[in-house]
Every structure is written in C-alpha cells, then in structure tokens.
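Trainee: Below you'll find the structure I mean.
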Amino acid sequence: MDQTIDWWPSPAKLNLFLHINGRYPNGYHQLQSLFQLLDKGDELAFTVTPHAEITLLTPIDGVANEDNLIVKAARLLQTHTGCSEGCDIQLRKVLPMGGGIGGGSSNAATTLIALNYLWKCNLSLTELAELGLALGADVPVFVMGNTAFAQGVGEQLTPVNIAQKHYLVVFPECHVSTAEVFNAPDLPRNTPLISWQEYDFDQTHNDCQQLVCNRFENVANTLRWLLEYAPSRMTGTGACLFAVFTSNQEAENVLANLPSGCSGFVSKGVDVSPVHDKLAHLGSIS
C-alpha cells in the first residue's frame with residue numbers, strides 16, 4: 001500500500017466503569033461511566049474528490065457500505081454543511097466489531113473530524129460532537145477527544161485527567177448485542193449516582209457484566225482467567241474485557257499466555273485522543 005497515504009487514527013476506548021442509574025421516558029438509559037481513550041485503534045485515510053460521491057474502498061465483511069458509520073458520518077457532514085465535494089475512504093480495521101471498545105463510533109468521529117478539516121467545513125468540535133450524537137451515543141466522546149466522565153445517556157462529558165495505566169484488552173471472539181443487553185429485563189437499572197470526586201476503580205463496577213457473563217460462558221471464563229493476573233472488568237456491553245497494569249511489560253507477559261479462542265492487544269491510556277494530536281500537528285483544532 002502506498003506509504004504516502006495520510007492515515008488518521010481512530011482510537012479505541014474503555015469504559016472503566018458503567019453504572020446504569022435509571023431509564024428515561026423515551027427508553028434510553030440514564031448512566032454514568034468513565035471513558036478512557038487508548039493509544040491504539042483503527043486507521044482511516046481520505047482522498048477528497050471533486051464529485052459528491054462517498055466511496056468506502058475497504059468494505060467490512062457483513063456490513064453493507066450504506067450501513068457503515070463511516071459512510072453515514074461523511075454523508076451527514078456533507079448534508080449538514082452543503083459541501084459539494086466527496087471522498088474515497090480506506091480503513092485499516094484493527095478493533096473487533098461488537099466488542100464494546102467503540103470501533104464504529106470512533107470511526108465515525110474520525111471521519112467527521114478529518115473531513116471537516118479536508119473539506120474546510122470549519123465546524124467547531126462542539127458542533128461536530130452534536131452532529132455525531134445522531135450517529136451514536138459514544139460518538140461525541142471520540143469527537144471531543146478527552147478521557148471523560150460521562151452522564152445522561154453518555155453525552156454529558158466532563159474531561160478528566162487520570163493516572164495513565166497500561167491495559168490488556170481481550171476479545172473472547174463472540175458478539176454481544178448492545179440492544180439485547182439494554183433491553184434485558186434482568187439488567188440492573190438502579191445504581192445510585194456518584195460524583196466524579198467519588199470515583200475509585202475498586203468501588204465501581206459494570207452493571208452489564210454479570211448479565212453478559214451469565215449468557216456467554218466464554219466471556220465469564222476469560223474474565224475469571226484475567227482476574228488471576230490483575231484487576232479486570234468488561235467494557236461497555238461487551239464482549240471485550242480489560243485488565244489494568246502499571247507497566248507495559250506486565251501486560252505483554254499476560255498477553256503471551258492468552259487462552260485459545262481469544263485475541264487481544266496491549267495499549268496505554270491517554271488523556272487526549274491521537275486524532276486530536278494529529279489536528280494539533282496540522283495546526284487546526286478548536
């Protein structure tokens with residue numbers, strides 16, 4: 001592949017905790033979470049074209065291009081701004097789909113940010129985040145680009161700085177439907193609200209974890225295995241799990257012993273998204 005291609009990072013995230021506090025009249029869940037951005041993820045490349053067509057050159061198996069959040073994000077920005085240009089898009093897919101680490105939402109956010117720059121739309125990050133909310137509740141956190149304490153349906157974001165840890169992220173090779181988890185009658189929905197100042201990893205949890213472990217034996221077994229090495233938890237609605245380490249080498253040592261039927265990677269937490277680092281390098285961030 002052409003080494004001159006300009007790749008834009010599309011980082012993963014972890015939910016270091018996920019508390020479900022209730023349900024709104026519209027059916028959405030009231031929640032609190034801590035979004036930790038990671039330094040690894042997918043990559044996207046964009047070639048601006050003079051015609052308005054949006055073309056994803058590297059489609060994802062099982063996902064029609066029309067349903068891909070990358071294409072949806074590009075068209076949403078195009079429609080919102082009246083931009084007459086289009087683009088060809090390439091994707092280097094690293095993150096698992098349906099894993100709870102934000103792959104699709106991150107792809108959408110990077111698309112909005114990159115094309116806002118390349119098409120010279122001049123929208124602010126706040127405007128892009130508001131636009132991105134129509135694509136998914138997690139898109140704004142990737143657009144705003146900070147590790148953040150989230151409330152509401154996940155759209156009320158308070159940027160925070162936390163001690164950066166090393167994480168082993170493990171995918172037990174099964175797909176967990178977010179909709180099925182959130183619609184499950186036995187999902188806890190009454191965890192008391194906390195303030196950011198009260199946050200402590202050991203005093204928080206993921207309200208979706210037990211339900212998913214009850215339904216997916218390989219998630220439960222992999223979590224038990226991880227807990228032998230370090231504090232561990234499910235992220236989002238799964239199926240990805242993570243273990244927390246103080247050094248990269250500790251995480252790599254455990255990765256080397258990963259059980260069969262799982263895949264994984266080691267990553268470091270970052271307070272600022274790699275895509276924001278790229279924007280800063282280009283001299284364009286607001």
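For all residues, glycine too, the Cβ spot is worked out from N, Cα and C.
Model, not experiment: these values are computed from the prediction.
When I checked Swiss-Prot for this same protein, it listed these features:
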| type | residues | note |
| --- | --- | --- |
| ACT_SITE | Lys13 | active site |
| ACT_SITE | Asp138 | active site |
| BINDING | Pro96, Met97, Gly98, Gly99, Gly100, Ile101, Gly102, Gly103, Gly104, Ser105, Ser106 | ATP binding site |
Trainee: Cβ distance under 8 Å to Ser106 (ATP binding site), same chain, sequence separation 6 or more: which residues?
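Mentor: The list for Ser106 (ATP binding site) reads Ser10, Pro11, Ala12, Lys13, Gly41, Asp42, Leu95, Asp138, Phe142, given in order along the sequence.
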Trainee: I need the least crowded one of these binding-site residues (Gly102, Gly104), counting other C-beta atoms within 10 angstroms of each C-beta.
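Mentor: Among the binding-site residues Gly102, Gly104, the lowest count of other Cβ atoms within 10 Å belongs to Gly104.
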Trainee: How many neighbouring Cβ atoms, not counting its own, are there within 10 Å of the Cβ of Lys13 (active site)?
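Mentor: Here the count is 28.
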Trainee: Tally every other Cβ atom lying within 10 Å of the Cβ atom of Asp138 (active site).
Mentor: 28
Trainee: What kind of secondary structure is Gly104 (ATP binding site) part of, going by DSSP in three states?
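Mentor: The residue in question, Gly104 (ATP binding site), is helix (DSSP, three-state).
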Trainee: Rank the binding-site residues Pro96, Gly98, Gly100 by the number of other Cβ atoms within 10 Å of each Cβ and report the first-ranked residue.
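Mentor: Answer by Cβ density within 10 Å: Gly100.
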Trainee: Take the mean position of the Cβ atoms of Pro96, Met97, Gly98, Gly99, Gly100, Ile101, Gly102, Gly103, Gly104, Ser105, Ser106, the recorded ATP site. Which other residues of that chain put their Cβ within 8 Å of it?
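Mentor: Everything else in range on the chain: Ala12, Leu95, Cys240.
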